[in-house]
Each structure stands twice: as structure tokens, then as C-alpha cells.
Amino acid sequence: MVMTQRIAVLGATGSIGDSTLAILAAQPQYYDVYALSGYHRLDKLLALCQQFAPKRVGVPTTAVDDFAKRLSAAGLDIEVVGGDAGLVDIATDSQTDTVVAAIVGAAGLPSTLAAARAGKRILLANKEALVMAGQVMINAVKTHHATLLPLDSEHNAIFQCLPFAIQQDNTQIHRSNHGVRKLWLTASGGPFLQQSFTQMQQASVAEAVKHPNWSMGQKISVDSATMMNKGLELIEACHLFDLPENKINVVIHPQSIIHSMVEYSDGSFLAQLGSPDMKTPIAHALSYPDRIDSGSQPLDLFALNGLEFIEPDLQKFACLRLAREAMQAGTHATIILNAANEIAVSAFLNNKIRLTDIADINEQALNEIQVPLLTETADIDEILAIDNLARQYTDKLVARLA
């Protein structure tokens, strides 16, 4: 790498933002932080602006004026933009080379899709962009010659294990021509792997967000506890790698050392191993097709005491089953599932429902919400309309339990 990449980190104050910015700070010869965005943690965002001095920063619309004053008081000359429109403007800015799409949830969809339509290099951590708008997103990447590189450790691992020809253009090459039989997504099993369903019913928020291997935000930690995170990743993998859900298996691997695998027709399994540190897949995507130092601790093979592989219990982890069923049903169902899950997880984090109620609410939403089927040419307004309807309906489901 010789040219400096100008990076926009959307969702800079979250855990993915932390890991990304740690790498960017250590590699100033390769990367220039052009823009940042944040939503809740504006004090942290201000500190990041002081550290990296971006040209632009995105905040909630209601915070634009106040944040601009705070930047000015700190002696910083940074343009402040607000809301979804501001994020879209940053994502499509001609000065932006690479967009790190790390906004959590459906809120990240408009800016990620806009980046694809602007032909940007996109480092995708926001799985909802593909869960909600998979074919629309992939079509935009193809049509506008954008680049889409996965940041999720599992999808990044699969990407690394695929033949180079597929890495270069996974939208045009049939995997059968390269001997790919199946993809294997690994899952840690979360904090309740060894506990019964009855014990899960009594789980506190503090217990649910305490992941055994990874340091993550609250929402994704709860999704890991219910295995909805793996369900969303299964849907994402179908779109990213252009495979039906029956070609993608999920296996629980409690040590989180093997991050995913590709099974080939000759009987070979190619696996990507590494310490459970998000800086590794982020560094890979930032520098692809080259390699840079991620700053993570290398894996000590001699310290490993064995690797386990366990078939998921789909009664205990019903969210994983629901994700597969939603993928079979179509995009309208994956939108409903994602929206319902976001509302249900928020309710759990606010102590309104039990952890195990999340799957029940998700299943009710999938079974009861009636919406038109979406075509591959659906626009973002149609997608967001279903998302909004599902959220309103799920709010009512939560209210019945709260």
C-alpha cells in the first residue's frame, strides 16, 4: 500500500469504532480519518475529534448546533452534519474513499446503501444492511462497482478461506465451479451454553451481556446470548456469498479460535484461526489484499487445550431457527425478524421482559404481521415501511408482557 486511504467511520463511538480507530491511529502512513459519526456518546465523539481532527462529523440532528459550539470551543474547525441525511452525505462524499459501516441496527441502512450506490469501498459491520435489504444492497454494489468487505469475524474468515477468484468477484462466479460445498459459521454459544432453558429464563441483563470470549456492545451481546446474532449472520452470509441457507451450517465452537470454515467438494475444510479480537478482521479488510499489523495478540497454539464443536440446540436457541425460517420465507420476513428483535432486545435491556421472551416475541411477529412480498427491485422506502410496521406491532407485543 502506498496511497493514503481517507476513511469515514460511521458508528465511531461503538466497539467496532474503537477497534477500527486503534488500527488507524497506529497506521497514519496508510490512513487518514476523514469523517466520524456518533449518536449517544457525544463526549466520546468530541474526544475522538480532538484526537483525529476529521474534516466532517455526523451527530443527531438535535445535537448539531451544540456539538458545533463544543468543537469551536475546543479550537477545532470541523463541519458538523446531522441525522440520516448527514450520514448519507458523509458516505457519498467525493473525498471519502472507504466507509466503515459500524452503526448498530437498522439506523445504519440508509448510509450503507448510499455508500454502495456511490461506488465506495465499504467495510461492513452493520449486518442489518444485508438482513433488511440483502438483494438491494448486493445489486447496488454490482451496478455501481462498489467493493464490499465483511468485518464480522465469521464472514471475514469465510472470505479469507474462499478461492481468490471468488474474493475478487463473488457476484459473478458460481461456487460449484470452484468446489465450494458448504460454509460453516462458528458460534461461541454465548454465556448460557452450559445452562438450561429454565436458567436462561431467570437471566439478568448483567449476565446476558457478559460474553465469555468477545468484548462487544450490549445489543450484540444479548443477540449472542439468544443466538440471534448467529441467525442474522446466517442471513447475511446468504447474501454476501450468494448461497441458499441450506448450504450454510452453524456449529458452536466455545473457544472462538476457529472463526469460520469453508467445506470443499474434495473433502477439504479451510478454516481461519486467530485470537478472539475484532482488530484482526478489521485490519484484514482495511488493508485487503495486503496485510498490516492489527495490534492484536497472536494466537498461542501451544496454550490451546482442545477445540470443541457442538450442534446448536434449536429449542433452547429458537432465534437461530427463526432466522433460517425467515430467510426461507423472503426479505419481508427477515426485515420483520430484525425489527422485532431490536425492539425485544431493547425491552429486555430495560428490564421489561425476560431474555427468553425475545424468541417468543420474534416468532409472534413473524407469524402475525402481514405485509406484501418484496421484489429484488424494492426501494428503501418499501423496506423501511415494513421495518416501521414491525416495530410498531412489536411494541404492542412487548406491552402485553411488560
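Note that Cβ sites are derived from N, Cα and C of the backbone, with glycine treated the same way.
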Per Swiss-Prot, which of S111, S188, S196 sits in the 1-deoxy-D-xylulose 5-phosphate site along with K127, S153, E154, H211, S224, N229, K230, E233?
S188
Do you know which of G190, G217, G231, G267 Swiss-Prot groups with T13, G14, S15, I16, N126, E128 in the NADPH site?
G217
Let me spell it out: for each of the binding-site residues (K127, H211), count the other Cβ atoms within 10 Å of that residue's Cβ, using every protein chain shown. Which one has the most?
K127
Which of these binding-site residues has the least crowded Cβ, counting other Cβ atoms within 10 Å: S15, N126, N229?
S15
For D152 (Mn(2+) binding site), nearby residues of its own chain (Cβ under 8 Å, 6 or more apart in sequence):
L124, A125, K127, E233, E236, P281
Binding-site residues E154, H211, N229 vs G217 (NADPH binding site), shortest C-alpha separation belongs to H211
Sort out the sequence-distant neighbours of E128 (NADPH binding site) for me: same chain, 6+ apart, CB within less than 8 Å of its CB, listed by position.
G105, A106, G108, L109, L232, N338
Can you tell me the CA-to-CA distance separating S15 (NADPH binding site) and H211 (1-deoxy-D-xylulose 5-phosphate binding site), as a whole number of Å?
14
Taking the binding-site residues one at a time (G14, G217), which has its Cβ surrounded by the most other Cβ atoms within 10 Å?
G14
